[in-house]
């Protein structure tokens, strides 16, 4: 490991010592559920199904659920794979792949490892820096999408009470950014545990409310008027399907697992297994129902942000939007932490006063929030950012890296049959989701180009 990376690890461990080892598996479940099961993740799923159709949409949703649950358990198992604690995704990647990312597999696996080429193209050639890059893409892209979703929900509440009000989507994106700047002064992920506990409850509240209202709206609509046929030309349908694959990948994104595991007490691996599994039980009970009922209710006309498709009763729609804003506020915080940690490693110091470090933190968190707010306000294309973030950021981090890292670390079971089965499964997951990443990226970029042509910058969506 390079001298710089050793310094980074020393800083990370030192800065997290106070929080490390205090959290229970329940706290881990809150953090994982908050980072994955957000309204920004739920909302595009019915739209994704509308672009894929029932057979491919359902199979994609089920496959993504099982693959990310399995991959999350693999990441948790690598916590001390070489006897040392790895507190961030990038340091875990550096410990396994080093600076130069080379995949070493048994010779008989090479024939079925064409995915490695795709993976190297996506990840670059440096383990530490490629993971750092993709974690930043996932974190920043996710927060742009979150800020657009929060602004949309706040605007919906405002318009309910002030139908002819003059405030635009951009105003509410700015209001939400100001609130996140306040929360950004909390020191670390563990300090957000009570916020994320509230966010988990809001996740359940949002899901239950939205599912219930969706079913109610679906029954009110003339079912003969609902169409499930694909819209547009052949090329438009193809790109819409590619875009949908990126949206599904986004919906299961969690680029913060090692950072979350660092807050969990020993035995951290066992507690993380329990926390991840508990979080995924919430995800299965809510994701699938909302995706299926949303597509059933509105067919191919469903909106990218499902709440925008709901019409009655008004008070429940307002409640769903409020739940969405509360939940999103916590998710935003977890995803901005890698960026904050990067600046803290270089700017903050244990030798300077708490006041000076606090001022430094206020400055760089303000810059971060302003940049995210500006991009979200200028291009409020929710589903486009969701798909780009899912394809370029979350797919490499949550689907591809865990399975290949597990192979490289040599953590296979001693039982030969089980070991071979896991190798085949891991390579299959990496191969398929490498293809998903490429197709999702193509679809998302095409939609961004089309939306930029259609709308002006700072368009009030």
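Each Cβ is built from the backbone N, Cα and C atoms, and glycine gets one as well.
What TrEMBL says about a protein is an automatic prediction, not a curated fact.
Annotation comment: TrEMBL describes 22-445 as domain 'Amino acid transporter transmembrane'.
Same-chain residues lying 6+ beyond the ends of the transmembrane segment (54-79) with a Cβ under 8 Å from its Cβ atoms: 32, 36, 45, 48, 85-86, 92, 96, 228, 241, 244-245, 248-249, 251-252, 254, 257-258, 261, 268-269, 272-273, 276-277, 280, 283-284, 287-288, 291-292, 295, 398-399, 402-403, 405-406, 409, 411, 425, 429, 432-433. For 54-79 (among others), the entry in TrEMBL reads transmembrane segment.
Residues or ranges marked as transmembrane segment in TrEMBL: 100-122 (among others).
If you look up TrEMBL, you'll see 128-146 (among others) marked as transmembrane segment.
Outside the transmembrane segment (167-186) by six or more residues, the chain places 147-148, 150-152, 154-155, 158, 192, 195, 325, 329, 332-333, 336, 340, 358, 361-362, 365-366, 368-370, 372-373, 376-377, 380, 458, 460-461 with a CB less than 8 A from a CB of the stretch. If you look up TrEMBL, you'll see 167-186 (among others) marked as transmembrane segment.
Below 8 angstroms of C-beta separation, residues 23, 27, 29-31, 33-34, 37-39, 42, 183, 186, 263, 282, 285-286, 289-290, 293-294, 296-298, 306-307, 309-313, 316-317, 319-320, 323-324, 326-327, 329-331, 333-334 of the same chain, each at least six residues beyond the ends of the transmembrane segment (192-218), sit close to that stretch. The feature transmembrane segment is assigned by TrEMBL to 192-218 (among others).
Note on the transmembrane segment (277-298): residues 25-26, 28-29, 32-33, 36-37, 41-42, 45-50, 54, 57-58, 61-62, 65, 69, 72, 200, 203-204, 207-208, 210-211, 214-215, 217-218, 221, 226, 228, 251-252, 306, 309 of its chain, located 6 or more positions outside it, place their CB under 8 angstroms from a CB of the stretch. Residues or ranges marked as transmembrane segment by TrEMBL: 277-298 (among others).
The annotation transmembrane segment is assigned in TrEMBL to 359-379 (among others).
If you look up TrEMBL, you'll see 385-407 (among others) marked as transmembrane segment. Same-chain residues lying 6 or more positions outside the transmembrane segment (385-407) and placing a CB less than 8 Å from one of its CB atoms are 40, 44, 67-68, 71-72, 74-75, 77-78, 89, 92-93, 96-97, 103, 105, 115, 119, 122-123, 130-131, 134-135, 137-139, 141-142, 144-145, 148, 243-255, 304, 379, 422-423, 425-427, 429-430, 433-434, 436-441, 443-445, 447-448.
Annotation source TrEMBL lists transmembrane segment at 427-449 (among others).
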